[in-house]
Amino acid sequence: MNHLVIISVFLSSVLLLYRGESGITSSFIRSEWPAVDIPLDHHVFKVPKGYNAPQQVHITQGDYDGKAVIISWVTPDEPGSSQVHYGAVQGKYEFVAQGTYHNYTFYKYKSGFIHHCLVSDLEHDTKYYYKIESGESSREFWFVTPPHVHPDASYKFGIIGDMGQTFNSLSTLEHYMESGAQAVLFLGDLSYADRYQYNDVGVRWDSWGRFVERSTAYQPWLWSAGNHEVDYMPYMGEVTPFRNYLQRYTTPYLASKSSSPLWYAVRRASAHIIVLSSYSPFVKYTPQWHWLSEELTRVDREKTPWLIVLMHVPIYNSNEAHFMEGESMRAAFEEWFVQHKVDVIFAGHVHAYERSYRISNVRYNVSSGDRYPVPDKSAPVYITVGDGGNQEGLAGRFTEPQPDYSAFREASYGHSTLDIKNRTHAIYHWNRNDDGKKVATDEFVLHNQYWGKNIRRRKLKKHYIRSVVGGWIAT
């Protein structure tokens with residue numbers, strides 16, 4: 001009986017993705033913390049003990065297929081060592097990787113020494129322990145590599161955007177760390193340090209690095225840049241876009257033949273993840289346009305059935321904040337997204353949560369005389385997760401009436417998870433930060449655009465279908 005109920009819920013979820021059912025505008029109002037940054041003397045920004053001890057440790061994927069990581073950290077007083085000692089047994093570091101370091105200035109702020117170290121030739125699905133040393137100070141962490149790239153490799157991603165460093169941000173981070181997710185897809189707008197001036201800009205980049213280290217040192221965060229990473233401040237003499245961000249946060253862009261760290265792609269487990277830059281040129285014949293055109297042809301849905309795109313500015317958004325800002329990128333890329341049957345597109349920027357049905361504006365519904373998005377079974381689901389908790393507060397004013405394409409929307413802080421079960425199904429949750437409790441507010445079953453088609457489902461043997469669906473039900 002329980003299995004029948006679960007199957008019924010699953011089928012209802014699938015139908016809702018395709019039918020233009022009336023969406024939900026949540027009336028929930030929570031008592032959030034004030035939208036102000038946490039004071040610098042708070043324990044969440046605590047500097048590690050020991051002279052010149054490594055801090056702001058974070059890792060990201062270091063290659064195309066998940067057999068490498070890039071480990072980054074800062075030593076505040078002097079360079080120290082750029083080596084990472086690592087191994088598969090705690091306390092036994094049989095391997096050593098050599099990194100590099102640099103520092104930079106921003107106005108009169110001078111950064112610490114920023115280290116980046118590529119650790120490669122790792123085994124899949126293995127827990128590694130690593131140690132970073134600086135003189136007599138050392139710190140130890142661990143991470144787990146993803147499974148082999150395989151169509152049925154299960155994997156759970158967290159999705160966070162527009163985070164900042166307020167008490168609401170802390171609530172989001174703490175809730176996320178209880179989710180069991182294995183890596184973060186970050187949708188841009190990290191520290192919000194650009195809301196400060198002069199030397200405080202760099203100081204708040206440092207504090208944010210220490211703030212998120214409790215997660216970023218132990219699992220990869222896949223970065224994308226937002227408008228608050230641009231840091232264009234000509235009144236301070238700083239006119240190089242993304243200067244702070246690019247000095248501190250590196251990406252494996254060369255592995256996907258990108259010419260810029262701001263747009264790139266990786267394969268992880270059963271997912272092919274494409275990261276785009278909303279604040280770099282993307283119109284026809286630009287480097288980003290050419291790269292995306294080529295990268296989409298490299299996607300092999302037989303190996304990585306889940307095609308996920310990250311960007312900062314949402315293409316579809318019914319909030320009054322940043323309304324229609326994503327229209328230029330929609331015009332440039334939406335036809336490709338539909339053609340290649342992208343499963344889901346995540347964005348941030350709008351400080352609220354919203355999920356769409358599968359819709360597109362590739363072919364206008366001209367029968368009504370309006371150019372308006374229409375249901376499209378080949379289109380992605382668009383999800384805005386710009387509710388990480390930053391000091392600008394929530395965007396609480398949605399357009400009325402709710403558009404037909406909008407399935408669910410709410411102005412609350414939170415994070416999402418995408419739990420990929422196999423090549424055909426994934427379970428999605430949006431978790432609201434509800435007064436210190438983890439609450440799953442919006443959830444549905446996402447079926448894969450490639451393997452969900454009948455012609456390809458027939459390629460799967462009947463016993464395989466029973467095993468993967470039965471396994472999903474059992475969980």
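Note that Cβ sites are derived from N, Cα and C of the backbone, with glycine treated the same way.
Note that the coordinates shown come from a computational prediction; the quantities given were computed from them, not determined experimentally.
Pulled from Swiss-Prot, these are the features on record:
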type	residues	note
SIGNAL	1-30	signal peptide
CARBOHYD	ASN103	N-linked glycosylation site
BINDING	ASP189, ASN227, HIS312, HIS349	Zn(2+) binding site
BINDING	ASN227, HIS349, VAL350, HIS351	substrate binding site
ACT_SITE	HIS322	active site, proton donor
CARBOHYD	ASN365	N-linked glycosylation site
CARBOHYD	ASN422	N-linked glycosylation site
If you measure from the CA of HIS349 (Zn(2+) binding site) out to 10 Å, which recorded positions from the list ASN103, HIS322, ASN422 are inside that radius? HIS322
Can you give me the residues near the recorded substrate site, meaning same chain, not ASN227, HIS349, VAL350, HIS351 themselves, Cβ no more than 8 Å from the center of the site's Cβ atoms? GLY161, ASP162, ASP189, GLY226, HIS312, VAL313, PRO314, ALA321, HIS322, GLY348, GLY386, ALA395
To the nearest Å, how far is the Cα of HIS351 (substrate binding site) from the Cα of ASN422 (N-linked glycosylation site)? 31
Quick one: which residues besides ASP189, ASN227, HIS312, HIS349 have a Cβ within 8 Å of the Zn(2+) site's Cβ centroid, in sequence order? GLY161, ASP162, LEU187, GLY188, ALA225, GLY226, HIS228, GLU229, SER278, TYR279, VAL313, GLY348, GLY386
Recorded positions compared (HIS312, HIS322) - highest count of Cβ atoms within 10 Å: HIS312
For the residue listed as 'active site, proton donor', the closest of the recorded positions by C-alpha position, picking from ASN103, HIS312, VAL350, is VAL350
Measuring CB to CB from VAL350 (substrate binding site), give everything in the same chain under 8 Å that is also at least six residues away in sequence. PRO314, ASN317, ASN319, ALA321, HIS322, THR384, GLY386, ALA395
Surrounding CB atoms that lie within 10 Å of the CB of ASP189 (Zn(2+) binding site), all protein chains: 26
Between HIS312 (Zn(2+) binding site) and ASN103 (N-linked glycosylation site), the C-alpha gap once rounded to whole angstrom: 27
Return only the integer: C-alpha distance in Å from ASN422 (N-linked glycosylation site) to ASP189 (Zn(2+) binding site). 31
In Å, rounded, how far does the Cα of ASN227 (Zn(2+) binding site) sit from the Cα of ASN103 (N-linked glycosylation site)? 23
